[in-house]
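TrEMBL lists 25-48, 60-89, 101-120, 141-163, 193-223, 243-268, 274-292 with the feature transmembrane segment. What TrEMBL records for 41-290 is domain 'G-protein coupled receptors family 1 profile'.
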Amino acid sequence: MSSQNVSVRRTEFIIGGFDTTSYPVLVGAVILIAYIVVVLANVVNILIIIHEKKLHRPMYLLICNLAVVDILYTSSVCPTMIGVLLVGVKNISYVPCLIQMFSYHLGHVMEALALSIMAFDRLIAVSCPFQYHRYLTNVRIVSLTYFLWIVGSGLVAVFPATVIPLSHCYKVLIYTFCSYGAVVRTTCVDPNYYFNMVAIIISFFIFFTLGFICLSYIGIIVFAKLSSNNDRIKMGCTCLSHLIVVICFYIPLIVIILLTRLGVVLTLEARDGLNIGSIFLSALVNPFVYCLRTKEIKNEIIMIFKKVQTFQ
């Protein structure tokens, strides 16, 4: 038996997901630029909402929470991928790898939960516009957000809890970062049991949150049919930003799940490309959608630019 296949407690792994990449520097530069844009755009959204007291309302607190989730989601894996592609640092220690795995999947779960609570917020805004601020107060939204973070963390804790007791026979991660699938494949056990267990949990979670969002929009459509044309236009404008974000987040996930369930064998490059695309698509779209389509945030950005020009 080769030394690589000996059952041991690994102290570090080697990320091999980019070994067959044709233009690693170009790919790394694209990921770096996209990551910088995501962080800066979401930080701007957060700072504007925090700074302007008139934006201290439930909808904007939820937008702020979504921005935090996007920063966590991308920051969990992008520095590692950038380090591999641009600097050539392929080694990652065992504990940071587990932390990265937890952070990545927590960002994934919290994105779905954040979009679900935002769908509920839009449903209340459409169905009970005059009672909206009575039902959804800032305190309730903050409390609900904290609760969802606790629930999400508890759910994602299953991933490291099932990996930590296992011994590892391989040190090379065949994917581009420390995801659950990548780490389980380095262990000495049959990975199918762990993949099936987690696939059931994640599939149920994804379709539960997506189902909740769909039910919310069914309720919105029902109320829209009972409203006047002007009110329908307002409802559409209110919900369009959220709907765009939902589509950008769920479509790549559903494609991956459907291809896997249908038995389509994806190459490592295709799977890695879909995973990276799913991370960046929603994270890049979210801040710009809410900046451009949310009147109050857009006005604040315009005022900031005017003040900077006046100062200069």
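Positions of Cβ are set from backbone N, Cα and C atoms, glycine also.
Within the same chain, the transmembrane segment (274-292) packs against the transmembrane segment (60-89): three or more Cβ pairs sit under 8 Å, each pair at least 6 residues apart. Across the candidate stretches 25-48, 101-120, 141-163, the maximum count of CB pairs under 8 A to the transmembrane segment (60-89) is reached by 25-48.
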